[in-house]
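A.B. asks: Let me begin by handing over the structure; questions about it come next.
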Amino acid sequence: MTHEHHAAKTLGIGKAIAVLTSGGDAQGMNAAVRAVVRVGIYTGARVFFVHEGYQGLVDGGDNIREATWESVSMMLQLGGTVIGSARCKDFREREGRLRAAHNLVKRGITNLCVIGGDGSLTGADTFRSEWSDLLSDLQKSGKITAEEATKSSYLNIVGLVGSIDNDFCGTDMTIGTDSALHRIIEIVDAITTTAQSHQRTFVLEVMGRHCGYLALVTSLSCGADWVFIPECPPDDDWEEHLCRRLSETRNRGSRLNIIIVAEGAIDKNGKPITSEDIKNLVVKRLGYDTRVTVLGHVQRGGTPSAFDRILGSRMGVEAVMALLEGTPDTPACVVSLSGNQAVRLPLMECVQVTKDVTRAMDERRFDEALKLRGRSFMNNWEVYKLLAHVRPPKSKSGSHTVAVMNVGAPAAGMNAAVRSTVRIGLIQGNRMLVVHDGFEGLAKGQIEEAGWSYVGGWTGQGGSKLGTKRTLPKKSFEQISANITKFNIQGLVIIGGFEAYTGGLELMEGRKQYDELCIPFVVIPATVSNNVPGSDFSVGADTALNTICMTCDRIKQSAAGTKRRVFIIETMGGYCGYLATMAGLAAGADAAYIFEDPFTIRDLQVNVEHLVQKMKTTVKRGLVLRNEKCNENYTTDFIFNLYSEEGKGIFDSRKNVLGHMQQGGSPTPFDRNFATKMGAKAMNWMSGKIKESYRNGRIFANSPDSGCVLGMRKRALVFQPVTELKEQTDFEHRIPKEQWWLKLRPILKILAKYEIDLDTSEHAHLEHISRKRSGEANV
């Protein structure tokens with residue numbers, strides 16, 4: 001292991017890396033550029049910026065400049081790409097590529113990191129395959145010497161996919177997609193208020209010429225009435241169907257209709273469906289007041305979301321490792337994301353599958369196009385179809401009664417989870433009840449039936465509309481059992497944080513005494529702290545992360561103006577350091593103190609010395625995050641006092657406790673979508689479990705697998721019995737014993753210029769896309 005530790009620090013000595021951004025810009029590209037530069041320098045390599053994409057590579061000169069550590073400071077929170085991007089005709093010609101090769105060889109650069117879409121990455125692969133021919137041409141014409149040719153005998157290429165459309169196969173999320181969704185959802189939320197005031201129908205056109213991802217996720221995240229995407233053209237009688245759907249929604253009491261259209265939407269015959277066509281149809285047939293909004297380039301703009309900054313940073317680190325470990329025999333690869341795992345995939349395999357999708361759509365093999373888009377896309381489509389197109393049955397014969405509740409502290413996205421649970425339950429023909437104020441409400445009988453429109457418009461609302469309490473059930477088993485019988489509750493969906501999980505464990509224990517508690521239940525993790533065992537992510541954490549990030553950006557801006565100032569910021573999370581660590585990565589913090597990574601006074605001293613050194617450079621500001629319970633003695637005040645004293649005359653310190661604003665705000669697209677899918681998945685499981693446990697006219701479920709936590713684990717959504725998770729829990733500190741994100745902490749330290757050892761054994765290995773497709777669970 002130690003051999004691997006030290007290998008990373010010397011991996012790049014004598015090597016040079018060039019980084020360029022090409023094609024359409026995407027938010028988060030700067031985070032990737034910053035990570036490539038800093039990790040490159042950390043490994044001992046020289047790193048060069050190529051300005052203006054491939055055009056800069058062809059033109060050379062001042063377009064290729066060496067980067068320094070400080071030259072990527074304050075880049076993280078900027079949208080677009082700071083080093084510029086351009087569509088380049090010259091590079092498509094061999095002559096242009098010859099000039100590009102000449103520019104690289106002269107600078108001794110043999111590693112190229114390309115951040116762009118599939119066109120940019122295909123170009124890079126062509127460049128690599130021609131490399132030796134280009135060198136021999138340059139040598140023949142006397143532009144380079146034999147020695148230079150030998151030194152640069154092969155070119156390593158790694159691609160990072162930067163595209164807001166998420167149209168690249170083999171990666172769950174491309175850099176920029178999440179931020180584009182943020183822009184779209186901000187606009188949808190704004191339009192919703194005006195549409196409701198006037199009872200209007202809005203047709204929103206979003207980007208995506210060949211890929212409907214943005215349109216699909218937007219419609220899931222805002223509960224749209226209809227979505228048009230290129231991969232799944234509507235049936236021939238769609239006009240009838242659409243108008244019927246819109247009038248049904250109105251008749252149920254809704255004051256607005258939202259229709260989302262991807263710019264590349266087509267019908268079954270390949271004829272484009274435009275926003276204007278839809279508007280005219282609705283006006284002509286239904287006479288509704290209908291408006292069209294084309295979002296356009298707004299979607300590419302603005303600040304990158306926390307997700308994109310972390311994604312860009314992680315991918316940048318992985319790209320440097322892939323380049324420096326590359327040999328003439330390793331294929332050009334793409335670094336991508338699967339679940340929350342970084343993976344390396346052969347570049348041309350991904351490009352090929354991406355082209356196959358386009359071909360399948362051109363040849364109208366739409367089912368195949370949908371399959372090739374991958375499991376995440378398919379899932380979104382299935383859930384959308386269920387929620388938007390299936391009508392609840394009229395009769396409730398043979399139906400079961402399922403109750404939904406919130407437990408713990410409020411988290412953004414809880415309402416979205418309640419909405420999808422209730423609606424999927426109704427679609428399956430069940431009677432759905434909602435419980436107010438958690439287990440306390442269950443004991444007091446604060447329970448009512450929820451119909452379809454009860455949860456209308458809940459997706460985008462923050463907090464908990466049902467009301468939530470931290471009270472655990474044990475003390476009130478008597479009353480809870482009585483109410484389970486009284487309301488004939490046959491299944492329980494518990495949406496909440498650590499208390500929801502411990503409450504689940506108590507219900508399991510209580511089954512021995514109370515038969516009434518022998519009903520299936522499922523816990524959907526929803527807490528800003530992300531500390532529920534059995535899940536890598538919980539609903540609400542992404543929203544909190546973005547809130548912290550936005551605040552840190554503003555604070556950094558203030559510090560940059562004041563100069564020589566260090567801010568100490570306290571985040572929430574109980575004992576769980578997820579928010580502090582991830583926000584540290586996303587906001588470019590100098591340090592993040594957390595409970596899981598114990599620190600001593602010596603560590604605090606090292607950090608102060610580090611900041612003293614930093615103040616000597618051009619970057620005269622510091623940002624330090626501290627999780628609220630990271631250490632009972634080294635409090636925020638203690639750290640602030642220590643920094644103030646030690647920094648006297650060099651920097652001054654300020655502290656900020658962010659507090660409960662981290663629980664509020666409207667949910668981010670990630671949390672809305674994640675909560676909606678979790679609710680649907682939980683309800684499908686519940687229906688199956690109730691049928692399994694139904695004997696002699698009543699429900700009796702006492703097996704361990706009838707009480708589960710539904711969690712996201714690496715690449716799949718899985719149900720795990722609460723009793724099995726007991727072993728994996730540190731109950732005193734309310735955290736799981738093992739947490740995946742701890743391995744991202746070294747990245748935070750390296751990007752903040754600490755000389756630490758990076759364990760490269762955890763890095764991604766090359767996988768193959770075809771094998772990847774078949775062996776995966778459906779999230």
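Cβ atoms are placed via backbone N, Cα and C, with glycine included.
Pulled the feature table from Swiss-Prot, pasting it below:
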| type | residues | note |
| --- | --- | --- |
| ACT_SITE | D165 | active site, proton acceptor |
| BINDING | D118 | Mg(2+) binding site |
| BINDING | S163, I164, D165, R200, M207, G208, R209, E263, R291, H297, V298, Q299, R300 | substrate binding site |
| CARBOHYD | S529 | O-linked glycosylation site |
| MOD_RES | T2 | N-acetylthreonine |
| MOD_RES | S132 | phosphoserine |
| MOD_RES | S376 | phosphoserine |
| MOD_RES | K556 | N6-(2-hydroxyisobutyryl)lysine |
| MOD_RES | S666 | phosphoserine |
| MOD_RES | S774 | phosphoserine |
| REGION | 2-389 | region 'N-terminal catalytic PFK domain 1' |
| REGION | 390-400 | region 'Interdomain linker' |
| REGION | 401-779 | region 'C-terminal regulatory PFK domain 2' |
A.B. asks: Given the recorded positions S163, V298, S376, S529, which one's Cα is the least distant from that of S132 (phosphoserine)?
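C.D. replies: So, of the listed recorded positions, the one sitting closest to S132 (phosphoserine) is S163.
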A.B. asks: Which residues of the same chain, at least 6 positions away in sequence, have a Cβ lying under 8 Å from the Cβ of the residue listed as 'Mg(2+) binding site'?
C.D. replies: V161, S163, D167, F168, C350, V351, T354, K355
A.B. asks: Would you identify the secondary structure of S163 (substrate binding site) according to DSSP, in three states?
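C.D. replies: The residue in question, S163 (substrate binding site), is coil (DSSP, three-state).
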A.B. asks: Measure from the Cβ of R300 (substrate binding site) and count the other Cβ atoms within 10 Å, all protein chains considered.
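C.D. replies: I get 19 for this one.
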A.B. asks: Going by Cα-Cα distance, which of the recorded positions (D165, S376, S529, K556, S666) sits nearest to R300 (substrate binding site)?
C.D. replies: D165
A.B. asks: Where does M207 (substrate binding site) sit by DSSP, helix, strand or coil?
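C.D. replies: Where M207 (substrate binding site) sits, the three-state DSSP reduction gives coil.
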A.B. asks: How big is the substrate site in terms of the longest C-alpha to C-alpha distance among S163, I164, D165, R200, M207, G208, R209, E263, R291, H297, V298, Q299, R300, in angstrom?
C.D. replies: 32
A.B. asks: Of all the recorded positions given, namely R291, V298, K556, which is spatially nearest to S376 (phosphoserine) at the Cα level?
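C.D. replies: Closest by Cα: V298.
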A.B. asks: Determine, to the nearest whole angstrom, how far the Cα atom of R291 (substrate binding site) is from the Cα atom of S529 (O-linked glycosylation site).
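C.D. replies: Per the Cα atoms, R291 (substrate binding site) and S529 (O-linked glycosylation site) stand 40 Å apart.
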A.B. asks: Using the structure shown, find which entry in S376, S529 (the recorded positions) has the sparsest Cβ neighbourhood within 10 Å.
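C.D. replies: Per-residue Cβ counts within 10 Å for the recorded positions S376, S529 bottom out at S376.
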A.B. asks: Whole-number Å distance between the CA of M207 (substrate binding site) and the CA of the residue listed as 'O-linked glycosylation site'?
C.D. replies: 33
A.B. asks: Using other CB atoms within 10 angstroms as the count, which residue among the binding-site residues M207, V298 scores least?
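C.D. replies: Output over binding-site residues M207, V298: least Cβ neighbours within 10 Å is V298.
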